[in-house]
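Below you'll find the structure, written out as structure tokens, and then a few comments.
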Amino acid sequence: MRSFETKFRPDHLVWVLMEIKNDYRLVMKLFNWSYMRRSPSLEARCIIIHLAVAANDINTAHNLFHEFWTSSSTDGNTLLVSHFLEKLIYTYKDWGSTPYVFDIFFQVLTEIGHLEDARKLFDKMLNYGVVLSLDSCNLFLSRVSKDIGGPLMSLKVFQEFSEVGINWNTLSYNIVIHSLCQSRKTKEAHNLLLQMELRGCFPDAVSYSTVINGYCNEGELQAMLRVTEAMLQKGLKPNAFTYNCIITLLCKTGKMVDAEKILREMTSQGVFPDNVVYTTLIDGFSKHGNASSALRMFNEMQSQDIIPDVIAYTALICAFCQNGKVADADQFFHELLKNGLKPDELIYTTLVDGYCKAGEIRKAFSLHNEMIKMELNPNVVTYTAMVDGLCKQGDLETANVLLHEVREKGLILNIYTWNALVNGLCKSGNIAQAVKLMKDMEVAGIQPDVFTYTTLMDAYCKSGQMILAHQLLSEMLQRGVKPTIVTFNVLMNGFCMSGMLEDCQKLLSWLLENSIMPNASTYNSLIKQQCIRNDMRAATQTYRDMCDQGVVPDGNTYNILIRGHCKARNMREAWFLRKEVVEKGYNLTLETYNSLIKGFIKRKKYREARELFDEMRKKGLAADEEYILHLCGYE
């Protein structure tokens, strides 16, 4: 061939191929030799594609299509699709190909993102009476679903292809269902799932799991449970992905008991939980303040030889910090380091906050310095925790120095930082400075929230400035800041402490008239003041009103009432309430025990006094020496 090299033209290649087309190996040798010297003509390329498909060499055919359509000369040239198709059809009959060659062409156009051209090819092939394969159509459907406007386009393609004879299978339905769920259109996906069987196509575990995951992402607990029940009734077993979706939603909605039940069901079905499942449960228990259960899940995870990652450790450390168990949190922090894991900003910030809340400011600052050494940047949340800790200890000077450092770093203070300062100033008695700071907040573009107002209101109430406290409530309502029950409780307590019981009653009536449900603390303030005034009839009536409104008394309610009855020498009522406290699992305070013992001794009821004294001692509480001497004298 070397002597013909300079004279060999593309049309010569076609002539020779006609002679050797039955020897596929020779065909490819000649084509490769020619291709190294010059690009083949479109006709020659189509011929080789046909011969490759006839020889079942699909990869070569695919590569020849792909190479042509990804070259710079064809980029964006949609007219070439028609021209290429014409050549492909022109050469089809004479070169022993099969209709599958058009499938490959369609697949390549789809893979490289020429979706409009692929759709035109599909329609043209229909005109020639050729229906492309279901695999090719599924590929197109999948690619369309990932494009802009995917869910609507995939549904449109799904419906239009059905009308021209494409019998979609379970994979096809799953593609559209997944696309709809990804776009938070889970109800539409669920409807499509229900239609599958009516159309003679049976959903599989993936179909149901995708819809379950969709509802989980949208927080639709009841809908998710209905689909799960339907899945089980069909005899389909959830997989690890399905179980994890269900557990995640149950954890988010606070149904931790149910989440753990799903974990047990999962293992009973032979589906073994992984790191993600256990970490989800640890995080769920952590966020709902259940540190002991979070630790139990963490230990169980390790017993299954599943190595906890940084996320699992973070969740556990958060749980201990929220429960005030900073020493335990620190222990797991060091275990994390020992296992070669790198702590992030969140872990450090959680520990800093935990130490600040525990009053260990020095340790918090030490962790802050450690963060910087590790090239981790403390954020505004980290500094807010430190400012809050300093303010609670009354060290406003250091808090202000720290805030100056924060501003120098270019960090913008958030509402929580400002509130920490307002709270610190109020606790130290600097109410005027706190009011000025609240105005500074607004100048800085941060609107005071319910916590800001409630903190200032509490300071006014404790200093007896009830008019100013009430004015703050009016200002809140005018500005559209919605008070919480804590806000009203602060005001209620303030009225009570100032002896303004009529105002207490008016506020309570206003709450009920406006369908704002009081809680036990709301009533406790009023009951306490009535007891202080020895008006036990009024206190008892308030207690009954409380129960009639469906408000459940707490331990504080009973302690207040018992002490009130003891002071009024109503020992029978006090003793009855004490039994109710025991039945309901509440604890009596030291002050309440002493009031009961004193009352019984004065009534010469030494047996009851002795019983209470022994009960106190078992609980590690110490009675007043005066009462001990009385009881010793009785013995």
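Here the Cβ of each residue, glycine as well, is placed from N, Cα and C on the backbone.
Database features, via TrEMBL:
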type	residues	note
REPEAT	98-132	repeat 'PPR'
REPEAT	204-238	repeat 'PPR'
REPEAT	239-273	repeat 'PPR'
REPEAT	274-308	repeat 'PPR'
REPEAT	309-343	repeat 'PPR'
REPEAT	344-378	repeat 'PPR'
REPEAT	379-413	repeat 'PPR'
REPEAT	449-483	repeat 'PPR'
REPEAT	484-518	repeat 'PPR'
REPEAT	519-553	repeat 'PPR'
REPEAT	554-588	repeat 'PPR'
REPEAT	589-623	repeat 'PPR'
For the repeat 'PPR' (204-238), sequence-distant contacts whose Cβ falls under 8 Å of one of its Cβ atoms, 6 or more beyond its ends
170, 173-174, 177-178, 180-181, 184, 186, 189-190, 193, 196, 245-246, 248-250, 252-253, 255, 266, 269, 271
Outside the repeat 'PPR' (519-553), six or more residues from its ends: residues with CB under 8 Å to it:
485, 488-489, 492-493, 495-497, 499, 501, 504-505, 508, 511-512, 560-561, 563-565, 567-568, 570, 573
Tally of DSSP helical, extended and coil residues in the repeat 'PPR' (98-132):
25 helix, 0 strand, 10 coil
For the repeat 'PPR' (309-343), residues assigned helix / strand / coil by DSSP
26 helix, 0 strand, 9 coil
Looking only at the repeat 'PPR' (239-273), what is the model's average confidence as pLDDT?
89
